[in-house]
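Engineer: I am attaching a structure below and will ask some questions about it afterwards.
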Amino acid sequence: MKLLAVRRLFRIQRVVIRYRLDDLLFALPLPWWMLAVRFVLPWRWLPRRKSELSRGVRFRLALQDLGPIFIKFGQLLSTRRDLLPEDIADELMLLQDRVPPFDQQVAIKLIEEQLGARICDVFSRFDETPLASASVAQVHAACLKTGEEVVVKVVRPGLKPIIGQDLAWLFILARMAERVSADARLLHPVQVVMDYEKTIYDELDLLREAANSSQLRRNFEGSDLLYVPQVYWDWCRPKVLVMERIYGLQVTDMAGLADQRTDMKMLAERGVEIFFTQIFRDSFFHADMHPGNIFVSTVNPWAPKYIAIDCGIVGSLTPEDQDYLARNLFAFFKRDYRRVAQLHIDSGWVPAETKLNEFEAAIRTVCEPIFEKPLKDISFGQVLMRLFQTARRFNMEVQPQLVLLQKTLLNIEGLGRQLYPELDLWSTAQPYLERWMRERVSPKTLLGNLQSQVEQLPHIAGMTRDLLERMSRPHASDPPRPWHDRKDEPVLRLIGAALLVGGAIQGWVMSEAATQLLTLTAWPAAIMLIAGLYLIVRR
């Protein structure tokens, strides 16, 4: 392991020198003692030609030379536009996670070890030449004995030691950055590397990816918008995933889409609808929707349907995050910057002590220029990015789910405008958001929320009883006293009145519902009424 670490260090140093990344480092506002280090680096004593490549290109090429783990880290960084200069973020978007396949016999041996069976006993056909190969896994086509066409995804062998060593160096660099630079501390580099560590190890667990795929497939069962391939759970293991093979056109295959006369406007709009459906209906979204993971069905090109693969990275939002996000978007497009600032504070995304007026002014300064463009040219992803950048200046905590959301939105938006340049994202999204907001306060939703709260009443009653017993239990050193003081009387009567009113309202709501619902849920209302009456009339 130590030999691997030393070899890796020399490799990193060689790449740093080759692409002159030290120039990028020393251009930052560093302490004097850190700047003095440049005079003791031997390679800086020699004459150096000025590089013709931009800093973004040099950074991207360096990550490519350092291998797949650094490539994937660069891809993660490309989604953090709130942390990086735009020129570097744009270059990192070009990173391609493509590496040569590993030996096919090694792949077969690994699959057989995971399945506990020979390839010929599980598959009637297995293509030894892989369909695709990436840094974490490669994919082979096959056919099950039962006749289904499938793909078999297998994790590369020996990845964990390499990942562990590369992550160790990334953590060292991140901690150094936090120690020497106040600006770097604001960007939380150690937290960024920790997020990447979780992401990369999650991708090594193909059972997690299988579960994500099954969830997404269930969410869109019977949908005209999106199809997710079936997972064959009998043959899934931590390092092997077997799922239905799909046939479709790559979403970036413009010539193929044109040949089959695909309705490009509908295709672009359906992509936006899929995004908002995942966010606001399901609160579960595919967070790696780059063009390599998206296909278009060749069936019914006049009503095109997407096909999504590779659900290794997913995100989810809490109901509170959903609500604040929707309200933020509405407030932003109404140019109600005070409301946007207040929502950020109310949600806990920025500290409660943030000065509202200053935060509002900062948001206005950044966002007003955006509205000089026609509405159809305004980028949702850029809106979120600008809001996050501004909020970071006010110590906004990193919200991993919002980072994934921004990344997904940028992918969907960029893809939609590539398919149909006239796509008006706000006009497409606004009806969906308005419908979602209405449904949030509909009687059906409110009744459902009430039912879920009613189900908690037995637990609440038990907790209340335990609390009252603890309150009434005297300490050993205290003289015996009644379970409540006379000064508690008004509070207890107020609690009783609240229980009485709550029970009456709940009983009325239940009486408006179906009869079978009434019989199941009437007793909690009765308990509330009895407890309320007792607290009011008792002496």
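Glycine is no exception: its Cβ is also placed from the backbone N, Cα and C atoms.
What you are looking at is a predicted structure, and each value in this text was computed from that prediction instead of being measured.
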Engineer: Which of these, Lys145, Lys153, does Swiss-Prot say binds ATP at the same site as Leu131, Ala132, Ser133, Ala134, Ser135, Val136, Ala137, Gln138, Val139?
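Structural biologist: The one candidate that Swiss-Prot places in that ATP site: Lys153.
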Engineer: Rounded to the nearest Å, what's the C-alpha distance separating Ser133 (ATP binding site) and Asp288 (active site, proton acceptor)? Just drop the number here, would you?
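Structural biologist: The Cα atom of Ser133 (ATP binding site) is 17 Å away from the Cα atom of Asp288 (active site, proton acceptor).
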Engineer: Give me the CA-CA distance between Asp288 (active site, proton acceptor) and Val139 (ATP binding site), in Å, as a whole number.
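Structural biologist: Distance (Cα to Cα, whole Å): 17 Å.
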Engineer: Excluding Leu131, Ala132, Ser133, Ala134, Ser135, Val136, Ala137, Gln138, Val139, Lys153, which residues of the same chain place their Cβ within 8 Å of the centroid of the Cβ atoms of the recorded ATP site?
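Structural biologist: Filtered neighbour residues, in order: Pro101, Pro130, Val154.
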Engineer: Relative to the Cβ of Leu131 (ATP binding site), which residues of the same chain, six or more apart in sequence, are found under 8 Å away?
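Structural biologist: Once residues fewer than 6 apart are set aside, Leu131 (ATP binding site) is near Val139, His140, Ala141, Val151.
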Engineer: Quick one, of the binding-site residues Ala137, Val139, which Cβ has the fewest other Cβ within 10 Å?
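Structural biologist: Selected from the binding-site residues Ala137, Val139 on minimum Cβ neighbours within 10 Å: Val139.
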